[in-house]
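Quick notes on the structure that follows.
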Amino acid sequence: MPDELRVAARPRTAWEAIDLGFALARENGRQAAAAFLSAALPLALGLGWVFRGHPGWAPLLFWWLLPLLDRPLLHVLAKAAFGAPPGLRDTWRQLRPGLRRGLAAQLLWRRLDPARCLTLPVWQLEAPGGRAFRARQKVLQKRVRSQAVLLAVTCSLLTAAGWMALVALAGYLWPEGGTNILERVFASGDARVAWVDQALVYLPMLVMILIEPFHVAGGFGLYLNRRVQLEGWDLELAFRRLGARAAQRALGLLLLLLLVPALWAADPPPPREAIREVLAHPDFATRRDTWVLERRRPAGPGLQVAPPPPWMRRLPNLGGLALKAALPLLLLAGLAYLLWRRGPTLLASLDEAGRPAPPQRLFGLDLRPEALPADPGAAADRLWGAGDVRGALSLLYRAALSHLVQRRGVALGPGATEGECLARARDALAPEGFATFAHLTAAWGALAYGGRLPDEGDRRLCGLWTEHFGGGRP
């Protein structure tokens, strides 16, 4: 175990270990970001310039080379956990001798290992080779490999989501709209736009630069936790503290033994004589008066009190049992009385509370009862006679909708269509009333959306409205 450990050495769960890695990266964020960006930014810019005509290759190669970019970041986190984090120049100078250790395996046949965040510290910090690496990897991944895989999957999903979110944001900000930018993404030849290609090159690499440090830090936290569990770092630190404490106590005991002869050489004071002299002083003389009740007629030896009968001794228990039995009965009786008196009102209020509020407007039509005349059918007939056919049909249609939602209790959402209103009205109205509402809907739709005036025979809808929907305001 290293002598200097800046994190608390105790066994943790796998998720706590991942949080430990995140906290370590956050505590040393400036040094970790400098080390990671010093490798990631030049590589991203170089790949973007080389593959500027082929947008898909640069992000793919950048993702493939992530194990190489993770090494300076892991070096900073390891130094921060076991001491002080190094600067950027010291990081590259200390990392250069072992930079190639295990790099070929990580970039070739082990590149697709989903738990590579847990094996990277083994390559870089322990430097085993061949069979020793496989044995060490098997031991470290026991009981935490699934968490390492889930961490990798989570980081991959966050990377994909971040990339798609940035592309969508670019589509929203583009004056021609998001549909056109998607067309440009999949276009070919002269239809492609240069800045869209640049966004496809650099946006995925930007998201990977933001997410990858968390992947490395979480894997390093899992690695530290497994070392603590396997090597007992917490026990070793506890024994070291006990040893230091025992040394301090031994020193104190030695000093105490040196003082013992001096204590024996002193003459013991006469304690009893000193106590008597102190107690003989008038200040310590006290007087206390105590009152005690005594019997005037003490009971004679022949007087005996008879014990209570057995049934009287059982009275407290019987009273407790009766009270226990009466409380549930009283509770049930009170609940039954409440349901008998308030049940219908309570059910009605619950039904009203569960029913959604009727919409105030549909298709731009005001459905509030107070916005309608007292007799919509007669008012519509007067409008029709005055030549305002559109106003008459509009009044009849919105009065019918208001009747459905206010009196019939038909649930219509604010975004309901004419077809949905017609389908809901089928169950709420009688066949004749539904036929009138369907005729009214067709006439209103032809006028509102097609501009076709109804026939003079449709004026009878005013009378039919009064017949099937009532003559008053909804």
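Here the Cβ of each residue, glycine as well, is placed from N, Cα and C on the backbone.
What TrEMBL says about a protein is an automatic prediction, not a curated fact.
Going by TrEMBL, these are the annotated features:
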- 396-461: domain 'Protein-glutamine gamma-glutamyltransferase-like C-terminal' (DOMAIN)
- 32-51: transmembrane segment (TRANSMEM)
- 57-74: transmembrane segment (TRANSMEM)
- 148-174: transmembrane segment (TRANSMEM)
- 201-225: transmembrane segment (TRANSMEM)
- 246-266: transmembrane segment (TRANSMEM)
- 321-340: transmembrane segment (TRANSMEM)
Contact yes or no, the transmembrane segment (32-51) and the transmembrane segment (148-174), 3+ Cβ pairs under 8 Å, gap 6+: no
Remote residues contacting the transmembrane segment (57-74) - C-beta distance under 8 A, at least 6 residues beyond either end: 32, 35-36, 38-40, 43-44, 47-48, 50-51, 91-92, 95, 99, 103, 106-107, 111, 116-117, 120-121, 124-125, 200-201, 204-205, 208, 212-213, 215-217, 220
Three-state composition of the domain 'Protein-glutamine gamma-glutamyltransferase-like C-terminal' (396-461), taking helix and strand from DSSP: 48 helix, 0 strand, 18 coil
